[in-house]
Amino acid sequence: MKKSYYLFNPGRMSRKDNTLKFTPVDEEGNEGVPKYIPVESVNNLFCFGSMDANSSLFNFLGKQQILVHFFDYYEHYTGSFFPKDYLLSGKVLIAQAEHYLQPEKRMSLATRFVEAAAFNMLKNLRYYDNRGKETGIQIEKIESYLNQIPFAETVDSLMGIEGNIRMSYYEAFDIIINEFEMGNRTMQPPSNEVNALISFVNMLCYTLCLDMIYHTQLNPTISFLHEPGERRFSLALDIAEVFKPVLVDRLIFSLLNKRQLSDADFDKNLQYCLLKESGKKTVIEAWEAKLNETIKHRSLKRSVSYKHLVKLECYKLVKHIMGVEEYKPFKAWW
Amino acid sequence: MSFIISTHINYYFICRRKLWLFTHGIHMEHESDLVYEGRMIGEVSYTDRSKKYTEIEIMGSKIDYYDPNRKIVHEVKKSDQMEIAHEWQVKYYIWLLKQSGIEDVEGILEYPKMKIKKKVILTEEDENTLKQIVKDIELIINQKSCPPCIHKKYCHSCSYFDFCYIIE
């Protein structure tokens, strides 16, 4: 089973025969005991600490189709090492571009992303509404925005509706979350604990989608809801919309309401709030556990992990753009 | 101009949808542990053979082991469940060799895990059938729409299973 490796400590990653070797280095530059990581067990690497590496490492990682995601000191995603595509399909690429270029085809896909995202958000709100958290107002608001979707004629207006839906949804966070206040959604930099958490876990979700896209024939830069090339690999942003309520938000509610995270896990300043290393580790552990959780899939009739759901979403998109079958986005059915 | 390769012949007998998807660049084989196992069996069985025998590529089709002295094509497979598809794949190799002037080649299908070997020959009738198969394959892959799922029991062990059967 391949897994993600999260690197927090500074050190040097190198190739040692057909294994990865990580040598920690402390502040004075003293080398610690090296750790060996069999390359077959690596799905991808997340670099939070500072890593020394040379080109032979990246050549090796590239051959093994391992992605590396980088983050700066403030936990911002700064980019990925994205090895050369190994699943090239000219026909899929052309069909994907065609679905972007033809306004009706693009709108059809963009609409499905927004609808599925909203459906999954409502699912969360209703869950809490049934458990005594009064989110009825937000549910109604989102439902009325949903009714506007069929009248949206451009992707821009659709994005506007999506923004309104998300704003109403975030309003409910203060009702759902017990101890912490979120207030307005602030991103750069996040102003409080909840905002810091949302930013951090959203980023994990984005990299997950990117990883899954990489292992399919889809091109990560051609997107439908988000404008292609607008920041990062925008197809990953499209797919993340569908999964954020299910993967990201539920995780945040549970981490905070079960008090797995506390004040001490955050680094607070006048201007910003960030997760401390202890906090990041807790979040990542919970995130990994979530991704490996399985559900019985209705159409496949077998258990699949949450992580695999994202890959399946990519398959459905490939089928849609190749005219095999219309895309039915993932909507949490339980 | 792209060739009809032995993979097409193999998939033609197993599933036309898979044949169409494969030709349209939708490859899934890297996802499957079974495919990986099959490849490993091919690599680790008969290891002494690699020097004596030659890997050749003919009209886009790769023959893993061809013994030019005895004129034998060897094809290693995991299990004989898809035997018809395997047989025609080997017949196709023999036919390709014949078309490039190498006559009287025979094939051996090998299932090392099951300790079974089967001889394959190409008759004149087979050649005519292959001509028809190639025509059929061209029709299928040039078809605009993807053929439907076949809903067979063996779909479950196919590397395209998730792709084909994921709906929502």
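Placement of Cβ uses the backbone N, Cα and C atoms for every residue, glycine included.
Automatic prediction, not curation, is the source of TrEMBL annotations.
Remember, predicted model here, so these are calculated numbers, not experimental data.
Copied over from TrEMBL:
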type    : residues                     : note
BINDING : A:Glu162, A:His226, A:Glu241 : Mn(2+) binding site
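Packing around A:Glu162 (Mn(2+) binding site) is summarised by its Cβ count: 22 other Cβ atoms lie within 10 angstroms of its Cβ, all protein chains included. For A:His226 (Mn(2+) binding site), the same-chain residues lying six or more positions away in sequence with a CB closer than 8 A to its CB are A:Ser234, A:Leu237, A:Asp238.
Those same-chain residues not listed among A:Glu162, A:His226, A:Glu241 yet with C-beta within 8 angstroms of the centroid of the Mn(2+) site C-beta atoms are A:Ala110, A:Phe113, A:Val114, A:Ala117, A:Met159, A:Leu225, A:Leu237, A:Asp238. According to DSSP, A:Glu162 (Mn(2+) binding site) sits within a helical segment.
In the three-state DSSP scheme, A:Glu241 (Mn(2+) binding site) is classed as helix. A:His226 (Mn(2+) binding site) carries neither a helix nor a strand DSSP state and counts as coil.
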